[in-house]
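Scroll down for the structure; my scribbles are underneath it.
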Amino acid sequence: MRNSIFEQEETFQDLSLRPKSIEKFVGQQRVVENLQVFIDSAQKRNDSLDHVLFCGPPGLGKTTLAHIISNELESRIHTTAGPLLSKAGDIAAILTNLHKNDILFIDEIHRLPSAVEEVLYPAMEDYHLDLIVGDGPAAKSIRINLAKFTLVAATTRIGMLSNPLRDRFGITLRLDFYTVSELLQLLQQAAERLSVNIENGAMIELAKRSRGTPRIALRLLKRVRDFLEVSDSDVITREFADLALNKMEVDQFGLDKLDYTYMDFIAKNYSDNPVGIKTIAAAISEKEDSIEELIEPYLIKIGFLSRTQRGRRLTGKALDYLSTINSARLP
């Protein structure tokens, strides 16, 4: 399993750092501008917002935007996740308790079983449920009308959604990795709210090592703050941040120990040939889903990895970087 600073449970403090309104949301400019139009239009029509699907890598703000939609529309939000909905009755119980204009947020919707998906089809399209009651010859179909609600869903694997489910979302918004300048703006806001005494150069260093991901940027800020609190310093300088990040084994690209384990395995055993995900997962004792969602997207983003149908292959850029790093490790 992944043992990393990048994989930790959200705390109450994490939640308190989330923006509550769309104007306070940092980054994802195109997504935010379009979402504002859709929200304003729904409010002008005095109608429910069309169903919304957010897709993109973890930690970019999909859940935050779902809650912002609820706040902007002044609607109640009900939250659940794909892995929690194992049978049709689970989703039916939630849907029948929704009120008009409520928001239902389903995280990891790509992990819904097909039986649950099929219940959602008529609920999303016509706002009713068709349930089978009883068994055998005595079984009968019952239709239950639902309040007009908005389904907001998030996925890191949009390709795993069935076409019928994906097509029922009227709004699909794709989130991308953040720029360093966007992360810097986010860190400035967070440092002020957390009362962290940090220089601008240190925040730039944090932003560069945050893998383009706000969630990681905030976690690194708090961990570097921990180093500050047990030191003799009273401010986080660039040098202090660099020292703390190096102690946490977060390099200049934001790569951590597991990223190196992944790349080292491929470089040492398959440097000239592609390798399959199952082989990698078995070798580094990690789940395929975790590799595909948490490791590979960023390696592809920075040009370290090529992913094809034949398998994974490290790029020349990655191999050169590993060679430099490994040379530095030698006594």
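For all residues, glycine too, the Cβ spot is worked out from N, Cα and C.
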| field | Swiss-Prot ATP site partner of Leu17, Arg18, Gly59, Lys62, Thr63, Thr64, Glu125, Asp126, Tyr127, Tyr178, Arg215, selected from Arg168, Arg223, Arg225 | value | Arg168
| message | Nearest of the binding-site residues to Arg307 (DNA binding site) by CA-CA distance, picking from Leu17, Thr63, Glu125, Tyr127? | response | Thr63
| said: Applying a 10 Å Cβ distance cut-off over all chains shown, what neighbour count does Glu125 (ATP binding site) have? | reply: 12
| request: Go through Leu17, Arg307, our binding-site residues, and report the one whose Cβ sees the most other Cβ atoms within 10 Å. | output: Leu17
| message | Within the region 'Small ATPAse domain (RuvB-S)' (179-249), count helix residues (DSSP H, G, I), strand residues (E, B) and coil residues, in that order. | response | 49 helix, 2 strand, 20 coil
| task | Check the binding-site residues Tyr127, Tyr178 for other C-beta atoms within 10 angstroms of each C-beta and report the one with the most. | result | Tyr178
| Under DSSP, is Arg307 (DNA binding site) helix, strand or coil? | strand
